[in-house]
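**Student:** My structure is below; once you've seen it, I'll send some questions.
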Amino acid sequence: MHPPTGCYGAPPQQQSYPTIPAHPAPVPSKAPITNSAHSANYYRSNHHQQQQQQHLSQHHVAPSPYSASPSSAPPSQTYATLPSSAPPPSNAHYSQQPLQQQHHPPYAPPGSYYGPQSYHAPPAQQSQQQPSLVPAPAVGPGAPVYPIVSYPSAPGSSQFGTLSSSQSAAAHGVMPTQMGAPLHQYGTTRPASTAAVQPGYGVAPPSHLAPTVNGQGGTGMCGGDTSSSSTGSASPVPNSYDNLEGGSYPDSMPPSNHMTNQAAPYGNYGYPGMPPAYHQGPAAVTDSSPSHDPYGQSSYQQYSQPFPNMSQLSAALGGLSGVPELEVAALRPVNLLQERDLLPHRPLEAPEPNLSPDLKKVNCCPQSFRCTLTSIPQTQALLTKARLPLGLLLHPFRDLQQLPVITSNTIVRCRSCRTYINPFVTFLDQRRWKCNLCYRVNDVPDEFMYNPVTRSYGEPHKRPEVQNATVEFIASSDYMLRPPQPAAYLFVLDVSHNAVEAGYLKYFCESLMDNLDKLPGDTRTRVGFLTFDNTIHFYNLQEGLSQPQMLVVSDIDDIFIPSHDSLMVNLKESKELVKDLLTSLPGMFSESKETHSALGPALQAAFKLMTPTGGRVTVFQTQLPTIGAGSLQSREDPNQRSSTKGVQHLGPATDFYKKLALDCSGQQIGVDLFLLSSQYTDLASLSCISKYSAGSIFYYPSFHCTQNPTQLEKFQKDLERYLTRKIGFEAVMRIRCTKGLSIHTFHGNFFVRSTDLLSLANVNPDSAFAVQMSIDDSLADSSLACFQAALLYTSSKGKRRIRVHTLCLPVVNQLSDVYAGADVQAITCLLADMAIDRSITSSLSDARDALTNAVVDLMSAYKNNVCNLQQSGLVVAASMRLFPVYILSLLKQKALRTGTSTRLDERVFAMCEFKTQPLQQLMRMVHPDLYRLDDMSDQGALHLNDTVVPQPHLLHLSADRVTRDGAFLLDCGNVFYLWIGKSCDHLFIQDVLGFPDYASIPATMTHIPELETLLSERVRAFLDWLQDKRAFSSTLTVMKDNSSAKASFFQYLVEDRSEGPFSYNEFLQHIQQQMS
């Protein structure tokens, strides 16, 4: 059996993958959430004693997944540990303890790149500085310049420490595996009507949770693959990022009641940690309980200066009972069998949390950070009763028009849970603030008393960090393991006969040539090129050569690097050679007849080439890899594309690409894959190279430069965005949440280093992540729940930065309030991620059943617990009225549909998109927006600069709404369809398309001409406005009523009986039958 794609819980690779039992046996320790229990059992049976020793000797240290023995000398490393003699901050409230004996030799970077020296922090400044303002780099094309506020620092006032998040439960227990479990388990018996499904990634009861990744159990998660791939022995990378971002409690800190959620150490999984530079003794002030007064002000003398309302929050903020009109609007019972027009006129916005105006004003933007429930249930029992999943959707590195960038010697963080100070902390007085996540009382550093914006002293609550929910800090050397790496880009190009036939190489070289000066970076930027067919070709681009030199390595079974200092070159110094190479590359292989593809060896070579620095590898592949390591064979049966019984081979055929990706992640190398193919290429296997190295995947089915101009145009536009978008290197991200809440499952492209630390070798502004959560302890003493995501990365300019997003939501104790605050789009997206995992770990039919059950569960729970109307039909809260149509849309997507011919690669790519696309883009793909354009008016139009942008109303996705006398635009996210009816007004055809009548419109039209007519200007303004809201350009296809390709338009009309057994009406009747 092949391992499922999302599986981190793999046993060591010497063993073959065992068959996963349908009923995993209970295990006596922390159980994984999913059916990856086999790996947990394997690990426990073989390493139990070793794990106990690790717990004793290396508390909170998670060693390498690459199975380097603790006693063995580590291989050459790209990292240097921080000097262990770094002094503690001068304003520390703890006693300095003796240094712990270091178990591992220090890791040093190879002299060939950074030189033998280790990286030392600059000495603390000795005098108070005046604030200064410096311009921030623009975040995107045409972006305005914003000031970076530079703050003076108190002497030695570094806030760096080695404390960890306290949000993971250390409970031990056994997860009961239930047959027939929905996507999220509730701990109660399923209705009798529920179809039986295999155990997937249901949520265990809160006291038994272990973190899982992409639906896989967390017990084996951090181990990943314990043996290195065939690229050679993988080097263990110190897990000191865990310490840098603030990952573990010091051993000397006594346990207290605010550490009850501390995660158990993970034994010999993960990455080895750096010994802390110092240990912290008991805290001077510990007020760990939120008590009934959530801010504990009774024991403190309140400072006389008045503070803003946002810092003096009352428990009354927690519910909706005081805002009856909101409750009435969101809770209005909607009978789905009677009410037909459910769509709003404009695309749905995120629901607004029921908070005070002061908190709303500073809360995080929902495009960056969004929760499935904008009112957090007080207990797990209430969440279970609601039958809704609790999770977060993040888009942490998205392009922002405004971003406060803060330079300060002191980054103020909670001493206990390491939360960054934010707008939702409480200032007890001028010198003390209470953490909004763990409720610890912290001292305000002297430096933080000064506000450089107002140039005043003594108003810490007015600092930018406390006035903005999204901020970016310029990090000090405390947050570095080595000097920030340069931007490094390696392009790996398929030049086999298949690639030459497809013709992509010419357009790649042209695009890179045009954008060479726009590649993110600075004077240190490095580039390299590698081409492959049945051999590997390197290119010497060293400054001083008259022309590029090709170096060919034909022994693909033992890949070596022919030259170590001339293949990755400084772009500025070797720019002319790079241009020469790009000019000549397309012609060099134009006569190639070599049909083999050695992708695996090419990736091994790329790994070796990039290991000294880290960076981004961009791979272009046009066929199935056929020779060398990682070679694959076709697994697709074309006769099964329309099967309703299930889909095979959704998981990888080999673990080669996953293991290589984990090696890459350990060396800070991200791999992006461009797949341009007209044949099956086993994307289920190839995608692993990007999934586990935090890369991106682009897929162009049936790509051909002349036969498929639409795909070529999309490829060119995507490539331009890809080459010029900003990038972050050597990144890690941690998500923290209020005490009582815990994270147990992650979705996206990354590698998990510890229970809550995501390793992102590269981070880009177009990728999103999702996490599932549970409520471990009652939130009855809290009126607010807060979530904070911190992304630590190196910018392309070589600056170490920390982007922090903080979200605040009310806590409620009424089921009606939970429903009133439900975010139906966020819930749909999270369920889609869960369904993708279920289809890989169990089966596609199980995933589909579970999605249907999610609708049944919600309807039943609302009917039985909230709705008092004794009427027949399907009744749901107005906030969730679109839930059934969204789930029906999911069931008709390429990723999850059955009974409709779907290529295996296209299905797998759709699954990859579900796991990585931001919510807005994902919802356009799931439930496209349909507009009528021929009767647009200026009523309600937007006036942007000198442009009038019409706002036509949304239409239901049904052929009933598409009439032959109109023109309709369908926005599917990646593509626009403009459908022209046979009887469409000739004036619209003339003014917008430039043709006299319907018959004159060509069969293939992909652009709207720029005509000087009012209607043309309005249509183009509306299309441009839609386009501006997404990162990648969407292609446009003008489609006539009688076009042979009109099926591609009508397949998106999900309320009809297209792409599946149910129309919307039939689906509602099916739900009603399941409920009865």
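Backbone N, Cα and C atoms are what each Cβ position is placed from, and that goes for glycine too.
Look at TrEMBL and you will find 32-44 tagged as compositional bias 'Polar residues'. What TrEMBL lists as compositional bias 'Low complexity' is 48-76, 96-138, 224-235. Taken from TrEMBL, the feature domain 'Zinc finger Sec23/Sec24-type' applies to 411-448. The annotation domain 'Sec23/Sec24 trunk' is assigned in TrEMBL to 484-723. The domain 'Sec23/Sec24 beta-sandwich' annotation in TrEMBL covers 728-812. For 823-924, the entry in TrEMBL reads domain 'Sec23/Sec24 helical'. If you look up TrEMBL, you'll see 952-1023 marked as domain 'Gelsolin-like'.
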**Student:** By DSSP assignment, list the helix, strand and coil residue numbers for the domain 'Sec23/Sec24 helical' (823-924), in that order.
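**Tutor:** Each residue of the domain 'Sec23/Sec24 helical' (823-924) counted once, the result is 71 helix, 3 strand, 28 coil.
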**Student:** Give the residue counts of the domain 'Zinc finger Sec23/Sec24-type' (411-448) per reduced DSSP state, in the order helix, strand, coil.
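**Tutor:** So the counts come to 3 helix, 12 strand, 23 coil.
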**Student:** Can you tell me how the residues of the domain 'Gelsolin-like' (952-1023) break down into helix, strand and coil by DSSP?
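**Tutor:** Grouping H, G, I as helix and E, B as strand yields 24 helix, 14 strand, 34 coil.
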**Student:** When the pLDDT values for the domain 'Zinc finger Sec23/Sec24-type' (411-448) are averaged, what is the result?
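**Tutor:** That stretch averages a pLDDT of 94.
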